[in-house]
Each structure stands twice: as C-alpha cells, then as structure tokens.
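Chemist: One structure follows; several queries about it will come next.
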Amino acid sequence: MATLSDLVILLLGALLALGFYNKDRLLGSSSSSASTTTSGSSAATANGSKPTDSNGNGNAFKGDPRDFVARMKDQKKRLAVFYGSQTGTAEEYATRIAKEAKSRFGVSSLVCDIEEYDFEKLDQVPEDCAIVFCMATYGEGEPTDNAVQFIEMISQDDPEFSEGSTLDGLKYVVFGLGNKTYEQYNVVGRQLDARLTALGATRVGERGEGDDDKSMEEDYLAWKDDMFAALATTLSFEEGASGETPDFVVTEVPNHPIEKVFQGELSSRALLGSKGVHDAKNPYASPVLACRELFTGGDRNCIHLEFDITGSGITYQTGDHVAVWPSNPDVEVERLLAVLGLTSPEKRRMIIQVVSLDPTLAKVPFPTPTTYDAVFRHYLDISAVASRQTLAVLAKYAPSEQAAEFLTRLGTDKQAYHTEVVGGHLRLAEVLQLAAGNDITVMPTAENTTVWNIPFDHVVSDVSRLQPRFYSISSSPKLHPNSIHVTAVILKYESQATDRHPARWVFGLGTNYLLNVKQAANNETTPMISDGQDDVPEHVSAPKYTLEGPRGSYKHDDQLFKVPIHVRRSTFRLPTSPKIPVIMIGPGTGVAPFRGFIQERIALARRSIAKNGPDALADWAPIYLFYGSRDEQDFLYAEEWPAYEAELQGKFKIHVAFSRSGPRKPDGSKIYVQDLLWDQKEVIKSAIVEKRASVYICGDGRNMSKDVEQKLAAMLAESKNGSAAVEGAAEVKSLKERSRLLMDVWS
C-alpha cells in the first residue's frame, strides 16, 4: 500500500508534467502547444482537467454515489454512457463512444457500470444531455450479470421514476452487442430500445448492433458516424470543438519501492497476498494437479487439466464456467517492446505510473505503478487483431511516409483492412512492423525492428484490456470437491496469405497458454523458433509463455505450476430429481459439462444405493448423451463412459457419431449428432412430451446447435400434427421459456 509521501510525490510529478506541457498556454504564447515523448512515456494536458489517481479519487463527487443525474450536473457531463458487459467488450465500446464525443465535440461524458447506479431519476436527465446504453446480450437472450437489475426495473409495467412512470423528454442512444449464431441476437439492446420508446423517451439516431460472429469493429464503425451526426444535431454539439487530448499521464518513477509495483497482479489484494473472495479482480493461483493429452493421434491437441482449489474458498456447481487468466506469449511481448524501443533490460523493467486525467471517462485499465513489460505481458490484449480505428490514429507517428500511407490505407479502406489485417490475423505490433518494412516471420529484436515514437498513453488508450477465457467445467463437486476439471481443444489455424506476408499459423491465446502449462508440467518441449533450413528463414512457430507469473508466484518446485482462475456461475443445471429424463447433445468439447452431469448422477447413485440398497435406481429416468467427433482418435474420455454406464445400471446411454471414420448415410453424407437424435426420435419425443425431459445442448453455436434445434422442432411438430416451422418452432421456444431446453454454445 502506497504511503502518503509516495502519493504526494506522484501527484506532484503529474502536476509538474501537466504544467510543463501547458506552459505555452499558461504563459500566453501564440505558438502551438508541445507534446514530447521521452523514453516511451508521455504527459500532456486535457483542457485543464486535474489529474487524479488511477482509482479516480481526485475531484471526487460528494453526493449520493448512486445518483448519476446529480453527478452529471455536478461534473458538467453532457453524456452518461452505461454499459452492460459480461466480458469487457461492451465496456470497451462505451469508453470509445465517450472518447470520440470528447475528441469531436469537446463534450465530457460519464462512463458507468450500469449496476453501480440507480435509475429512479432517469426522468430528470437535463434536456441538453443524453444517455447512451452499450448493452451486450449474454447466453440465450439474457442480460449480462451487471445489467439484470436495471433490465428488471425498466421492464416493469409501471416503473417508478422520481416524477411518475414515463420518460418524456429523455434522449437516448443504444448500441447492442450480440452474436448472430445465437437465436436471440441482440435481444437485450432491441428490447431496451423498444421499452424506452414505449415509456416516452426519444432515440437519437438509429440503434446500433454489433455482431461478434463476424466483425463487431466494422459494425461499430459503420454505425457511429451517423449516430454522432444525429447527436450533434439533437444536442447542438459543435464539431471540432476540441482538439486531440490524451486520456492518461504516463510518468516513469524509477525509484519506486519494487515491493509496491504491480508485476501482473490484478489488484492490491493480490499484490499484498491478503485473504478474500477470489473473483475477476483477485483470481486464485491454482496449482495444476494433473494435465494430459486426450486425443490419441492426429495433428490436433485437446488437453484435460485439473485445478486444485483446496483451501481457496472457491466453490462451484456442476455446469459452471471457470475463468482462466492467460498471459501474452513471449514473442508478442518482445514484438511490441521492440516496436516501441523498449527492449533493453532497463527500459522493459522501468516502473511507470499511469494516471487518468478524467476517471469518469477513462479508467486506467490495470493497477499501477507497474512496468512496461508487465503491461504487455499481463494487462493489455496485444495478441488481438489490430483495430482499424487504432491504425488510422497511429498513422501520424509513422517512421516514414510509406509507413504512414500504408497505415492510413488500412485505417480508411475497409476491404484492404479486412484482407490484410483480419484475414492475416495481424496484431497491432505486426501491422506496425509490416508498415515499416520489417519481416514479421522472424523473432523480433531491436536490431530487426523499426522503432515507432508512439506516446505510451496512446497504447494504454487504444489497446483493449486482457480478459479471461471461460471454459465449461467438466467435473462435479460431488465427486471432486477440491478440484475443477477443464477440457480444452487447442485453437490453431492458418491465416490467409497476402502480398506482404505468407500464410502463418495462428494460435489461440488461452488454449495455447494451457498447452504450455501442460507441456512444462510434463517436461515436454515447447519450441518457439523452428530450426530454419538453408533456404527458409527461421520463423516463429508454437508460442512460448513465461509461466512463472508475477514474482515467480505461479511456479512451485520444478514442475508444479499454478494458473490464475475464478468461477463464473451458470444456469446450466441438471433437474434436481433423477426421475426426470435428461437428454444431452454435445459434440467435441461440448461434452465437457455433460461429463460433470454424469459425475453428479454417479455421486447421487452411490448415496442412494448406500441408503436404499442395490435397487435404489430402479425408478430413475434414463439419461441420454449424443456425442460426436471426427474419429476414434478424438473420442474424448472414451475410457470413462462404459464405467459410468455400468455404475448407473443402464440408466445412462451414450450414442456416438464419428463424422469422418464412422458409417455414412445411404446417400454417402456424414452422420452427425443431430442425425443420431433423429434416429432415436420416438424415444426422445416421448421423453420430452410425455415425461417432461430436460434437454441440454453444448458446443458449436454456428451450425450444430441450430441443426439440433431443427431436428427437435421437426419431431415435436409430429406430436402436434403440425409443421416444424410453426408448431415445432413454438414447442422449442416453449421448452426454452420453461428452462427445459438449456444451451451453452459458442461460435
């Protein structure tokens, strides 16, 4: 914890930096204000705003902390931007809207987590202000966890606001975030828009909708300009009223006590090692008890890991998700350090303090003080595809005219960006290297990488925060109360080749981090650089991660590694009674939660038999699992299912489809899980219609889940003597509404 003297020194440093870069305006000089970059750090003014600490404690609002209207008036905010976010994406876009409103119009905004405020005074928003809602749709049409209370309140027949139940005069903007592979695409944003209109509010511009299955970024860019134009007209904003201003002051503080420097920890609790709840701000460094390969052949990997939660206070239920916090691979950390000229040991370990000039607009996305290396290794998502908007902004810092032209073209030409950057899965540092004429296929170093003099506050502002990766838990606490099991197929695919670079292997961040853990724990080799042949330059292959973690806290002894995790609750639950039939459809790693379901039934069966004798399961309903994989080599947990069938005395039945090596249909086409389901349609239809079975679908949301729903609709339509498109679809919808059809799918 920082001492008073530490805070005073940091605040004085920030104020001196502001004074220096404001000296021309303060002294009445007619010359343009200077912005200097020194050693990768920058400091500048923000229209006279007072700097505050990273927690936003400066210029604190003295009123009710949940009264956003009073805060807007007190701090002269024309916009309040609320986000309903599950993984951080909606929060990112909320911040982007606020930043662009500031840069375009000089308008200050309040960026708010929607659960931190009350909305009874929504009818008191001043006429010259507007409310922006960035609302993600989570799961199958559900609001995000932090938006549940607001959605429930606004959806009431007669919501109680401070002066009645209408919102006449309120002006609002909606940007929804969703995924078209889900049936309930962007339903939260759409329903909120309709509800606000019904209550008398007026939408400014068209409702925006971003599709995460294709390009959320392009959807946002296509929507925002018309929205801002409508906002300017409605609220009389003046275009060009503000020049470019930074969001943060970055100051190097080389003499700061090292024990008070964040080196990858996510909170003060983690830094100090204090006890408390393990959550997104304080994940638990869980020892890896076991890890093994599940595929028995081929060129793909799927790994099974077991996380030890003994003594952590973490609990979970069958069907929950575990969040894994990966770090960035070494090669990408080195790449961005090289691009910014920070590769020397002194620079990469340099301690920096990052201060927000307006915490209501832009919060520092990681705890400080920290180091340049830690920022890139643990805090920012430098492995993500570069944003088109960011490329356009950074063109001004190009080291050559050719580099500036290349970046400008990618930032303004949608098709060129999609072909070169999206198709090539190019990260920000890779794009900057290509623009400067560097070879991105070799290990980046200070010698082979051109330096870009980009102020570090731009990097903090423009690169998204690194988020955890979520995995369905594949165990039951009834059998494994002290461990959490994960089943993860390793993401690896080939990018598109372009004129500037060849096709390359692209490695998923989270799963390859876990693969590194498995390889290190089992003393397997993890190559980072291939041994290039005489006529082939050496190139980056499988990524290598620094697994020791901050201060070596993720490694114990030689081969015991820890992974930072926390648990996210789910509604994917078994019926409490074993007398209700259960139908599970989960090809590939979609089988993960169903392994947990079966383990839960095994634990219940053991207790029942111990209490009531060997015939205790006689009146239990059947459990059906429809599982699919490519071939026998990919058959996950193949050795476990027969033992489960035997212990559940035939109440559990598994049906397996091998799409590549298994039998074919009469027309020669492949057999998938939906075909297995159809083969058993009389049994399944009876279980659903007559015995009120619960149905679960887990896995691919782009194709599989839709195909399964179509089969369910077709068989249920037969029971109604109707069509799949009408009566069948209505029955499937009814199952969902009654929580008898639950889905855990992803694209």
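Even glycines carry a Cβ here, placed using N, Cα and C.
Whatever TrEMBL says is automated annotation, not expert-curated.
Copying in the features that TrEMBL gives for the protein in this structure:
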- 1-19: signal peptide (SIGNAL)
- 31-65: region 'Disordered' (REGION)
- 31-49: compositional bias 'Low complexity' (COMPBIAS)
- 79-228: domain 'Flavodoxin-like' (DOMAIN)
- 85-90, 136-139, 177-186, Asp212: FMN binding site (BINDING)
- 281-557: domain 'FAD-binding FR-type' (DOMAIN)
- Arg300, Thr589, Ser659, Arg660, Lys670, Ile671, Tyr672, Val673, Gln674, Asp707: NADP(+) binding site (BINDING)
- Arg469, Phe470, Tyr471, Ser472, Thr487, Ala488, Val489, Tyr493, Gly508, Leu509, Gly510, Thr511, Trp746: FAD binding site (BINDING)
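Can you tell me where each of these features sits in this structure?
Modeler: Shown in sequence order, Tyr182, Thr571, Met743, Asp744 are the residues of the chain, 6+ apart in sequence, with a C-beta less than 8 angstroms from the C-beta of Gly139 (FMN binding site).
Over the domain 'FAD-binding FR-type' (281-557) the predicted model carries a mean pLDDT of 91.
If you take the C-beta of Tyr672 (NADP(+) binding site) and look for same-chain residues 6 or more apart in sequence within under 8 angstroms, you find Pro587, Gly628, Ala657, Ser659, Met704, Asp707.
Neighbour density for Arg469 (FAD binding site): within 10 A of its CB lie 20 other CB atoms from the protein chains shown.
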Chemist: CB neighbours of Tyr471 (FAD binding site) within 10 A?
Modeler: 24
Chemist: Could you give the Cα-Cα distance between Val489 (FAD binding site) and Arg300 (NADP(+) binding site), in whole Å?
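Modeler: Here the two Cα atoms are 8 Å apart.
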Chemist: Only counting partners 6 or more residues apart, tell me which same-chain residues put their Cβ under 8 Å from the Cβ of Ala136 (FMN binding site).
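Modeler: Long-range Cβ contacts: Tyr83, Gly84, Ser85, Gln86, Thr87, Thr89, Ala90, Thr144, Gly176, Leu177, Gly178, Val188.
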Chemist: Nearest to Trp746 (FAD binding site) by Cα distance: which of the binding-site residues Asn179, Tyr185, Arg300, Lys670, Gln674 is it?
Modeler: Asn179
Chemist: Say you check the Cα of Gln674 (NADP(+) binding site) against those of the binding-site residues Asn179, Arg469, Gly510; which is nearest?
Modeler: Asn179
Chemist: How many Å separate the Cα atoms of Arg469 (FAD binding site) and Lys670 (NADP(+) binding site)?
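Modeler: So the alpha carbons of Arg469 (FAD binding site) and Lys670 (NADP(+) binding site) sit roughly 32 Å from each other.
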Chemist: Using the alpha carbons only, what distance in Å do you get between Tyr185 (FMN binding site) and Gly508 (FAD binding site) once rounded?
Modeler: 25
Chemist: Going along the chain, which residues six or more apart from Arg300 (NADP(+) binding site) have their CB under 8 A from its CB?
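Modeler: Once residues fewer than 6 apart are set aside, Arg300 (NADP(+) binding site) is near Val489, Ile490, Lys492, Asp634.
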